[in-house]
Structure formats: structure tokens, C-alpha cells
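Participant: Pulled these from TrEMBL:
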type    : residues                       : note
BINDING : 87, 88, 89, 90, 91, 92, 93, 94 : ATP binding site
COILED  : 432-546                        : coiled coil
COILED  : 607-688                        : coiled coil
DOMAIN  : 7-318                          : domain 'Kinesin motor'
């Protein structure tokens, strides 16, 4: 098939300033117009020419219609396609690719349009599979089926560059793909242990494989791959961590090498990182590639914006060689078998076999096994196996309910946000505690040094150099303490911010599905799907065995007819033996039919019991909830009654206290008055005694 050389297309999408950025005094330094991006910061203006630009006022749908839609048509026609979101952290990559309910991203829009095109091609049959992988610090995770098996990036003569060990799940509708993408994205969020670092360093690639052939035709079909990549933040290139450098710098080094005219034909460092190796066909290979560079207009993001645009301009110079991909699986398999046979003969005839030949034959055998798994029935079979495994693996990681729960979208998004906020709060709380201990330790050290300096000065045995050394150490420790205190204050502000966001999220949440109910219903759904899958497998196995038996019987009948035609005569004994065998087979057939009938009845009975158990369990839970509510209400009523009794008793005691106080106050006044009268009488008596010369009259005696 003739090939065509095309350039990598690069467009830019500038997001709007957030309300938080504007509240903190942030300014926009980016303007877009036509195919130009202008960055004007601190009086310095830089202009970058790309293949197109999209401003803050334009939605993800505008980006899709203006840059992506034509590529989808190419994928339907049998060409490989790659769409990369490239930019710094918080520049809008994930929003561009995934979007939101109000502004769907490039991937959801592409998925729905893909199956619209498929439905229009009524003369063709399609096989569509999806995979979702995350590459974080050179470690790959299967997001749809998070197993612990080894995964390696390999190159295959039929599949091209692929990840050996990555699950491929078949899909029938756009809703199926959208569900898998959502579940993979959910697993990516909830499986992360470090939210901020994860967001900055992780590469996610969603892979859609298309295979097609004409209905009722022997013509060779077509195949194509759509790679949708949300790359790690390009600002991580400034890191010194080897794992981070391998991921981010690997892509940047490939772009630089391919764009540099002097290095054309030279070594391209695809193998420096796993993500650059996986995207080898996308940069300089067999794919029509679009890079969407996302940029932040914020003045503080100026260095990251410049890095993004500089590499974007370089990427425009990359040339890819695209060709139509023919689905030549059977030809590839036949060719591999011939090569294996030739090598086997060569090795067998040699007295000292060449190790290279042995290694080559082992590689061919491995490639042959992979190629044999590319047939449509085999892919369906493997997809069913992966579907079974993923439930177990998600459950083992404790995120089955979160990833596959059938709760409403709004409720699920709320719970995800709450969980992520809780994770972020936990991380910041840990950092705050560590920093607090460090600050307390520094403060104790500073107090000790100050006390030591005070003793030193009081001793009178001081020299200028020693005094200067101690003073300098105190000042350095004070500066360090000041710096760490500021960091502690910053962490405290972050913690308060997260708590406020949690509170806001709680206020925004209008309704929940109870966790118990969700668990029970989800468990029932998973088990029902598992039973149905097993029934289909058993039915297929029985059908296969019946077909095999029928073919054996037909073969036996043909041989008997052939022998009869040749004049073979059967003796009386042989005839009686045959009749006995036929009678036994008829008896066995009736017994098998009866067993099948009995098994069918048992199955119905078990299903009925299971449904009754689920209904009973659900009713029991609802009854328990009602009982809990009634108990709570009884306690509440008892509390209210006791509270009312206490209030009444309190009011009674208060009234009695007031009455006692009034009585005591009145009695106190009476006693005071009587005391005054007695004092007056005593005074009068003293006057009389004085007048009598200090003697008491006889009359008194």
C-alpha cells in the first residue's frame, strides 16, 4: 500500500483565568488569534505560530469540531490516529480530554461520533476493543483491570507497538466505551496515593482498536488504532527524580530529536521512557497525530507556558509516514509458521545450533501466539475473561463499588469529590504534623542556644570570635525558624481551604444512596452477571460437544454406508450387538434429557431462592433501618420528656428560690428594724444611768 508523509498538527487551547486566580490578583498574559499565540509578560512579548488556536471562550466542542473530527474519519478509513493533550499541570489537559457534564471533553464527543460513523456503514462488520493504561514513574497500571501481572511494551509484526499484558475489552456501543473510559478515569483517581504528585507526573493513554470487514465477503479487512493520551505535566522536566525525568523528559527528547533537522536519520531516544516507547508510532511513525497544547494565561504560569509553546513549535516539524492498515492476520500467521518451520529444520540439521537462530525462533513462536489471539472470536473470549478478572482485582483494591457502582452520576461525582478531598486533607494533615514537630524542635534549639549564650556572656570569659560565632548561629536558627513557621502557616491555610471545600461539597450534595443499599444491590448485580456469563459458557460448551457428537455419528454412518456399498455383510451377532448399542444409546439419551430437565428445574428453584434471599435481605435491611429510626425517635421522645421534666423542676426550684429570697429579704428588713429599736433603747437606758450617777434605781432591781 502506498504511504503518505504528513506533518504532526499542533493547536493550542488557552483556558480562562479561574475565579480564585483573579481573587488573588492574577493577570492574563496570553492572547490567541488565528494561528498565533502571544505571550506578553514583564514587557517581553513572544509570538508562536501553530496550526490553530482556541481561546478561553471556546468550548471543548469547538476544539473537537475544529481539529479532531477530520482525524476520526481517517481512523474509520483504516489509518492510525493519535490525539495528545500536552501542557503543564493545571493548564486544562484533563478537562480538555474528559470534560464535564456541561462541557463534554474531546474523548466523550469522539466516542459518540465513532459509533455514529459505524452505524452508517451498514455493509461492514466492526470489532471494537478498548484499553486504558496509566504510566506513573515508569510503572504501568491497567486501569480497567488493575492486576499485578507484568506488562511490557513490545513490537509485533501484526499489532505494531503494543503493551503485552494489557486488557482489551470488546464494546458494542458508544455508551460501552464511555462507561469504560469513566470507570478507568475513576480508578485512576481513587487508586492514587499522592493526589498532587499523581496529577503532575501521571500519563494516561486510552486506546481504541478498530477492525472492520465487509459483510459476507472474503476481502481483507482494515484495522486502525486511536490513541488518546493525557500526558504528564511538562513542568516536571525540571525535576531531578530519575523516574519523573524518564517519563516527561523522554517525550520532550523525542520531540527535540525528530524536530532537529541535523538528527534526521539518527538515533531517536524512544526507549528512554515507557510513554515515549508506547507513542513511537505517534511521533515519527505510522499515525496521523494531533497535539493539543493546553496553556494557562496566568502570569505566574509564564515559565510553564513558554516551555509548552516552545516544544509545540518544535513538534510541528515532525513528519509521520501514514499508510492504510490491512487486516492481514491470516497471511501473517502463515508467514510466521513458514519461518518457524525453516528455523526448526535449520536448527535440527546443525551440529551446533546458532543461539541467534534459537532466540529468533522463540520470538517468532511468541509472536505467533499473539497473532493467533487477534481473531474476533478469540478477542471476545479474552474480553470475557478480563471482565471476570477486573471485578476481582477492583474488589481486592477496595474500589469495586466506587468504580462500577450504578448510582446516579451526580451522587457518584459527589462521593468521588468527597473521597479525593478527604485524601488531600489526610496528606496535608500529615505534612502539617511533621512540620509542626520540626518547628517545635527548632524553637527548643533556639531557646537552648539563647540560654547558652546568656551563660556565656555572664561568665565573663568571652572572645569576639566566639561571641560572633554564637550570635551568627542564633540568627541563622531564627531565620530558619521563621522560614519553617511560614511554611507551617501555608500548610495551615491549605488545610483550612480543603475543609472549606469539604463543607461546600456537603452543602451542594442534595441526596445520597445509602452505602448498605448500594453494596447489596451492586453485589447482586455482579453475581447475576457472573451467573449469566457461566451459563453462556456452559451452553456454548454443550453445543460444541453436541456438534462434535453429531459429526462423529455422521462420519460413522458414512463409513457404515461405504462398507455396505462395498458389499460388507454383517453376521447375526454383529447385528444383535448393534441393536443392543442403539437401545443403550436411546436409554442414555432419555436419561440425559431427564437429567437436563431436572437441572433446569433445580436452576429455576435456586434462582427463585436467590431472588427471595436478596428481597428478604433488602427488606431486612430496610426493617433494621426503620427499627433504628423508631429507636432513635423513642430515645428522642424520652429525651424530650426528660428535658421537659428537668425544665419544669428547674422552674419550680427557681420560683421557690425567688420566694425564699423575697422572704429572707423581708425578714432581714424586720430584724434590721428591731435591731435599730434595741440600739435606741440601750442608748436611752445608758442616758438614764448616767443621769442617776451611774447607779441603778431600786425600782429597777
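Backbone N, Cα and C define each Cβ position, glycine as well.
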Participant: Quick one: which residues besides 87, 88, 89, 90, 91, 92, 93, 94 have a Cβ within 8 Å of the ATP site's Cβ centroid, in sequence order?
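Facilitator: For the ATP site, the extra neighbours are 85, 233, 294, 296.
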Participant: Indicate the candidate from 87, 92 with the smallest number of other Cβ atoms within 10 Å of its Cβ, considering only these binding-site residues.
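Facilitator: Candidates: the binding-site residues 87, 92. Fewest Cβ atoms within 10 Å: 92.
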Participant: Give me the long-range Cβ neighbours of residue 91 (ATP binding site): same chain, 6+ apart, Cβ under 8 Å, in sequence order.
Facilitator: 15, 233, 294, 295, 296, 301, 304, 305, 308
Participant: Any same-chain residues 6+ apart from residue 90 (ATP binding site) with CB under 8 Å of its CB? Would you list them in sequence order, or say none?
Facilitator: 233, 296, 301
Participant: Once the chains shown are all counted, how many other Cβ atoms turn up within 10 Å of the Cβ of residue 94 (ATP binding site)?
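Facilitator: Summing over all protein chains shown, residue 94 (ATP binding site) has 19 other Cβ atoms within 10 Å.
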Participant: Taking the Cβ of residue 93 (ATP binding site) as the reference point, list residues of the same chain whose Cβ is under 8 angstroms away and which are at least six residues distant in sequence.
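Facilitator: The list for residue 93 (ATP binding site) reads 85, 86, 87, 230, 231, 294, given in order along the sequence.
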Participant: Please work out the number of neighbouring Cβ atoms within 10 Å of the Cβ of residue 88 (ATP binding site), leaving out its own Cβ.
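Facilitator: Taking all protein chains shown, residue 88 (ATP binding site) has 24 Cβ neighbours within 10 Å.
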